[in-house]
């Protein structure tokens, strides 16, 4: 690893090299000097090291080595060179250097040597006479005529400029500023002198800065004076046989290490090889110079922490490279510090630039690869001469022998030992290990060495003894005693100047680690040295170092959990315990881990000695270990005897204890297990009056009801009736089950095996109960990870070794293998995961605890368990009817599938009967299968439980945070889409946290005062939370009265705060949350339940602490924050109210008043009613998730009052609020707020203090005493006992809130209430606060205070409302409208309805509240007051007429069953129905998101029908003003014909009218088709609501294609090809039904199709439908929509005063419709039978009849005189018997064709609107060319057929050829057509176009403010009112991403 530049060791060398380079380069031109800057790069460049080719002069003796034996003679020239090389290079040596040089180079080198020698002699002379004083910087600058820089260095400068690099960076710009043209060489010299002077004047001489300065000053001196050759002071005479150990002069961690490859090359000999080509980086860019010294320091520290093996790793790499005979040339890069040891220039000869350059082997030139001519792509192999040398004829020559020897000498001197001490990471004289690269200071060894040892020396690492095995984990560490010190001799070799003096030579203490060995038990734990751990478990050691404090050993951890006092007493009494505690327990080893739980298996070794596989208590199976027979472990012999006894019991005599072990076992013979009888000895149908003998033997006593349960279970078993034991929680279902299984075993009925599946958290409790109540059972707990389960399968399932294949993968068990266990305990998950093994065993009985896991027959658990081979099933559940009857049926279906297998039949039985009857019927049905007892039935004298809701105030700090959260999230709350559901949930969670405690927010936690031990200051902790203030008072009284408390919270962080609170108050406590696992959990429960336990409180998380825990010793439960799911809270407080409880249980549920918590409590209660009152399939809420509306409602609760406090506070201070207080209606449940308002009203004005106090809850001593009074009446549950206490209404403590008089009452069985929503609530409430906050933020960010514009937000919202009202398409019908919206509904334009209600009626309707969303009346479900029959009638009406029109309430659309409903109720139900229709989700779901039953509603079919009816209605309205109302106008009375078209449209109450909030004038006769289409579009806005997805998707575009089609008629014949091409394009655009035959696309070639739709439509953005010019053109164009014959006919009739008729469907020729019309009209016109032959006219009136009478009401349409024309074509068939059937079939078939054409027309319109085009090169376009070819061929040979018929044989032959050609062309076309669907461009789904999900599009649609696209175009729309109404932004109204599929049935 390279260190940064500028370290102390490198600076002298670095500086000297710079100066020498300066000398060499000063002879060259100035351009070459730029390379100097690169010797001081700002950040190191890590590049491969190369051995320099040319030797440079030595600058420093620093890197010099101690000489070996033969190195002490006087130095020859070669040796001198060698020394110089080793000195100057340090660790730069690399084996990749060249071994041979050219002759010329050799000569040059010799000359240089002589010069150097001469210079060296001069320097020696100087040495003798003393050194000359170097010139000062002032002298130098004066000498060179430069301006000196006068800068006075401050004390700070001496502190900061601690190295040469920093100094240079600081001073160089100052010098350059005064002397802009100073040469680089002079700059460097001046800087060196300045640095020397700066260092000499440094007042901090002892600091590292001074040391660095001295080093560089020394380097500066070497510019002119070379140092004398350093000879090692410790020279040993050559004759001595004993050599000293190897030493070296290390350079510290900042220096590169030498490469190891030298040794390898030496070993291999000097065979020829291709030398590496030299590369060099010159002129490194200046950008790299800007880094600070911080980076250098960071790299230094990185180096210190780097892997200790880095040098050897690098060396190995180098060695590997050296082994190749031929190697590629390596690119040589510049080194950071040492510079480049060659004479080559560091810039390109051609471009004079630096970079990666290739060096010539025969001259100093260098080149870029790209600058050579020709250019080289890569470096050439071998030696390379540059173009200049080749031109001159200079060639490379090998070196002669003496130079090779010189190279060899270098190699011998090469060393790969570390350059720094391994202990202190510092340089200096180092002792090198002979076996590894490690180096050490003598004083760093432990114990330190006084002198260098003789002979070979091995470091501590090489002499470290190996470990006895693999370490599994580190348990503890400690300091050892230091080794005895050596007698300190003379100090070691001299250290560098500036280094601290060596430490005294005394040993230092080392760490020792207490470790657990892998594969060995905790009995074998032992201590190991730190070095052993570091060497053999490096990663584990480093991880431990990182996670633990390595200065102080960890405190002793008594794993047993005993308190110090108890353990001291026990140690005094029990010396064995004291010994174990000292050896094991204090290091965190639990006593249980050293106790044998069970012996699993045995084996014999080669000597015949026996070994046992032992499972240890409280440790998983993968920690099992093999132990020898003679080990001294308590109770080992007893367990061995039990092991052999169990083998004998299960396998018989063969499995006895081996004979040689019998003696040891004799004395334990009496403990042998009793064998169960082979045949039954007791009749299971006979009742036990008292508990049987085998239960007495356990020492336990069953309660009478438990004995009754045992009798019932045994009887059911005998009868073969599978059962559900459904006793209420806390009545001991576990004990009854275990005793039942034990009775089967002990009485000889069954030997097992039994499978028990239970929640993972309760399995420990099951184990304990089995141990207590069934001691003879061999119970195996099958849980844990893969390794543990693998051990269990191999050792616990069978006695045979090969019964199951080993390994982690699960395999089946062999058949007829003896099972080892009696009972297998496992979790739900493993039932499914390890199905292979568990499913292969035949189980005598299955027990499923918490069996409501089986309520869904689609769950994997249900399906897998159903496949097991089970003789008898027993299910345990405390909540058998948790949700609904369907779930109960699934339980019964699992039990007895042969009896309960028809879900529909089962549910029908319970469909229409009242709740009481359902209960009775259920009782009869479940009688044989289910036993359920309640605590109230069983324990008549069991203390009752009382639950109180305790409302708590927010503290001031909480209020601040509550407001802040709401204000900060204003945008999310106020987003017009209602906000993202996830973001609303996040806001709610933040508010819940705030209600609990503000310290749950990191900001508050950081600011909170903290004690020295890290816990929060108690007083501020309490004051910050209203709940804690109350809790403090309550706990004080509860403690004084001797009660014990359970405190539940959902949040584990809240439990942390409660811990701090209890510590502050001085209460002892226990805690369980999700992170505390089985063993620790049970210990905590045992400690709390122990007699005389000191623990006063038990902190539990609601979910983790709610299952399988018995804490009956506590009698007070405080639910600190309610859970989302009320069942979890019930489970929680049932921990205390259970068997063993002898005191009354008080349950206090803390609820923060007027906050989200209070609202959540109400919603949770309502949800509970929903899931339990409704015993009806599909109504149970499957998901506990809140709807977005519920979330919004919860968030609003109490906010009005909270923010009103601010305003009142300002009023009391005489201030005026800046914004008016919005009049926000109080949400339901806000009775408290209402009460507070009343109180305000009665308060005298000005008495604000009293006003404030009146609405705040105060808890004084009297209130607390009353709250804790246990003589209050128990919660009255008697009325609700039918549903087993699930609806126990919460009793609200009336005294808590002073104003509250009454208790909440349940009026009727309201399951769910739909609530009105004010969409502008957040706008009114938070806008001002939000803007204020944004302003504060801006000011704090330094942007200055802005002047706020005064805005009246009420005005703004009214303005918004005005323009939104014009866009009724965007108003939300998905939630019930507010009062204002209701008024919009009622204020209808005059004349639209003949039955207008009076104002009084409307007002009474409006004031009457809506029925609840879900309610139960007489056993039946009502949705918004609609019963099942009415809901069915409404659906039928939708399927008949499509969307209800605006005036549906006053038309025949309102069928008889719906006429009893008020208009408000009807509209509310329409809104709800449409919301459900637009709700994404599977049709298979039982309910919608809000819990309303689906009742088999198929969203697909309903949307399809609505869409088709909408298209039909729109098409009829398009032509209605032209065609009138009557199909046969000559038969119509005169009065009817004279009506205005507008009246004609609306006069029939059954025909839906165009509805718009603003009154529209009736369409005049001249209105364009497009305008009509737009008016038709508004038809879908009935009842102020959006159309659902289908109709939205179908009716988006104007009918511009109709007009375009008319224009087509005027195209000249030569444009026919273009028309065909466009038609083909339309084929590709169309999104029509895949069912329609594709071949029809090419048939109607005479049919006009749209040509260039883009011309008429333009881009959608530029489309302006109400442009007056367009309107002028359109009436004429409208008449061109028909065919030519039709046009002519229409004109003729118009002139003669006859009626006009106009009708067309622009299907683009994709259906047969126009072909049929042409043929039919030709026949009708030619025969004159306009009425009798069915054609276009009849199709129009068929559609008009469908609009009036509904879908497929053929008979009604035929009987209507308005549509008499439809009967005319069939008059001739009237005498036939199947006349009606034939007529209806024809109408149905014809309507299907029209349907298809309408859909295609709509799709074409949309394609044109979106400007969809097909690439002309697309293969599909080839179809057009083929068609032209076919037509051309056919037309040009038409005459042939006549000639052929006339007998012309040549013509006949030609005709045959032509026909063959046509056939081939047509077959090719057919092949192309089959490929079309996959190639055509499709209109992407709306969701894809908008890049929004279906749900988010729906959110936009359901919001009043509309989506952003509307808002963006609002200004344009204000100018065009018609466009506003009829053209809402198209994409956002197409929420159905599967639009194409929905059109398929047509």
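A Cβ is built for glycine as well, from the same backbone N, Cα and C atoms used for every other residue.
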Self-check item: Swiss-Prot annotation, phosphoserine - which of 232, 1556
Solution: 1556
Quiz item: Which of these ranges is annotated region 'Disordered' in Swiss-Prot: 1165-1209, 1210-1254, 1255-1299?
Solution: 1210-1254
Self-check item: Positions on the same chain near the motif 'DEAH box' (849-852), where near means CB under 8 A and six or more residues out
Solution: 724, 733-734, 756-759, 762, 766, 875-880, 882, 887, 891, 1107
Quiz item: If you draw a 10 Å sphere on the Cβ of residue 732 (ATP binding site), how many other Cβ atoms land inside?
Solution: 21
Self-check item: Secondary structure composition of the zinc finger (418-465) [DSSP: H/G/I, E/B, coil]
Solution: 3 helix, 8 strand, 37 coil
Self-check item: In three-state DSSP terms, the structure that residue 732 (ATP binding site) belongs to
Solution: coil
Quiz prompt | Tally of DSSP helical, extended and coil residues in the zinc finger (345-392) | solution = 9 helix, 7 strand, 32 coil
Self-check item: Overall pLDDT for the domain 'Helicase ATP-binding' (714-898), taken as the rounded mean
Solution: 84
Quiz item: Counting all other Cβ atoms within 10 Å across every protein chain shown, which of the binding-site residues 729, 731 scores highest?
Solution: 731
Quiz item: Hey, does DSSP put residue 727 (ATP binding site) in a helix, a strand, or just coil?
Solution: coil
Practice problem: Taking the Cβ of residue 728 (ATP binding site) as the centre, count every other Cβ atom within 10 Å, in any protein chain shown. | Solution: 20
Quiz item: By a simple count, how many Cβ atoms lie within 10 Å of the Cβ of residue 727 (ATP binding site), its own Cβ left out?
Solution: 22
